[in-house]
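A.B. asks: This is the structure I have questions about; it appears just below.
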Amino acid sequence: MMSCSKVWLEASLNESGIKVSTEMVEDILHRFENGGMQAYKFFEWAQKQRYYTHSVRAYHIMIGSLAKIRQYQIMWDLINKMRDKGILNVETFCIVMRKYTRAKKVDEAIYTFNVMDKYGVTPNLAAFNGLLSALCKSKNVRKAQEMFDSMKDGRFVPDSKTYSILLEGWGKAPNLPKAREIFRGMVDKGCQPDIVTYGIMVDVLCKAGRVDEAVGVVKDMDSAGCKPSTFIYTVLVHTYGIDNRIGDAVDTFLEMERNGVAADVAVYNALIGAFCKVNRYKNVPRVLDEMDRKGVVPNSRTTNIILNSLISRGETDEAFSVFRRMMKVCDPDADSYTMMIKMFCEGGDLKNALKVWKVMNKKQFVPSMHTFSVLINGLCDKGEVSKACVFVEQMIEKGIQPPSSTFGRLRQLLIKENREDVLEFLVEKMKLLVKDPLWD
């Protein structure tokens, strides 16, 4: 999967003698969720194998992957196959709605919700909440509110999750008065806020710079017998960190422990971020040691917080050292690799940028579109046009369409070097492998 092009993948898989299982297929599709058409080619091959049938989860992962590269026609073909097999469910349509809104295709997301009936799936409150969530997370909270206002007194009865989604949406808008209105309206309708709703309200207030008011909400919920969650403590610690109130951040963390709430990796990450924000990097190893003693394993977010802090302060050698050390305790994610590659490219150190790329391939990590673009842009900056072309070709063969800005830049360099033949080759390759009308 990592080394073979899409053209020869099926033949290589046939020769491998591999016997597929549900767990293996799901694992590979998940690992190759950024793999574009490469992942789809494997999906097609797997469904032809004897004694094997794709699970609902396998379909869902593949649908999400196809939507990422905007292969919507193939995505809907899979949905039709799921309908024929009788395995379509509400989550299928929620995935599609999320992907459409992330691509700023709001009308298509609403259309997806409206055609559920035609596919034999009754749109219920969970589906409606899924649509509202997709709209809010893509900064279309006004449209979500419009949908809510048109349906709240008829087709669906809102629950605490419905109100929580809108509350979070208006909080991110940001529109604190509207968020407060939603919270009050929820209570007025007799819908009791739960721990999630309280958590979102605290988050909204903190993001609006009202951390002291957020603390008041925490006290109110505590009085009502609703114990603050680790999420709420995480939000408070993070906000104090942003405000350079490191003393309050530490006090809140200690209060959480006194109240018997076990610290998780998220709240530790917030504490690490708070120390980084006030340039108290020496405290970070102590926090990591405490995590180790308490059996809390760092994650890629832990790595990224530390890396981001070091890179922003120009401590690139230390950042690379931390990156290598952290790889021994947790796997980096796309952001980790991208940050390191970008750091080296911006410093003109293509040798180490390519070294990180090799490590990523060795770990069998599939690079995202953004990771590819960062490296290609770095190579273009240094005039390494031929190497940039190699990575663009790899990108295309994985079925990932290069961003117009990245490809446009490479196009200019190729024309400048009178290498129109290479440019034509790449364009033709995109037409053949990506099959995207954008390139026709």
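Positions of Cβ are set from backbone N, Cα and C atoms, glycine also.
So TrEMBL has the following annotated:
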REPEAT    89-123  repeat 'PPR'
REPEAT    124-158  repeat 'PPR'
REPEAT    159-193  repeat 'PPR'
REPEAT    194-228  repeat 'PPR'
REPEAT    229-263  repeat 'PPR'
REPEAT    264-298  repeat 'PPR'
REPEAT    299-329  repeat 'PPR'
REPEAT    333-367  repeat 'PPR'
REPEAT    368-402  repeat 'PPR'
A.B. asks: Quick test of the contact rule: Cβ under 8 Å, at least six residues beyond the ends. What residues does that give for the repeat 'PPR' (194-228)?
C.D. replies: 160-161, 163-164, 167-168, 170-172, 174, 176, 179, 183, 186, 235-236, 238-240, 243, 256, 259, 261
A.B. asks: Quick one: average pLDDT across the repeat 'PPR' (159-193), no decimals.
C.D. replies: 91
A.B. asks: Under the DSSP assignment, what numbers of helix, strand and coil residues are found in the repeat 'PPR' (368-402)?
C.D. replies: 26 helix, 0 strand, 9 coil
A.B. asks: If we skip the immediate neighbours and take only residues 6+ beyond the ends of the repeat 'PPR' (124-158), which ones have a Cβ under 8 Å from one of its Cβ atoms?
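C.D. replies: Same-chain residues near the repeat 'PPR' (124-158) but 6 or more away: 90, 93-94, 97-98, 100-102, 104, 106, 109-110, 113, 116, 165-166, 168-170, 172-173, 175, 189, 191.
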A.B. asks: Given a Cβ distance threshold of under 8 angstroms, which distant residues of the chain, six or more beyond its ends, lie next to the repeat 'PPR' (89-123)?
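C.D. replies: Cβ under 8 Å, 6 or more out: 56, 59-60, 63-64, 67-68, 70, 72, 75, 79, 82-83, 130-131, 133-135, 137-138, 140, 143, 147.
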A.B. asks: Could you tell me how many residues in the repeat 'PPR' (124-158) are helical, how many are strand and how many are coil under DSSP?
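C.D. replies: Its residues fall into 24 helix, 0 strand, 11 coil.
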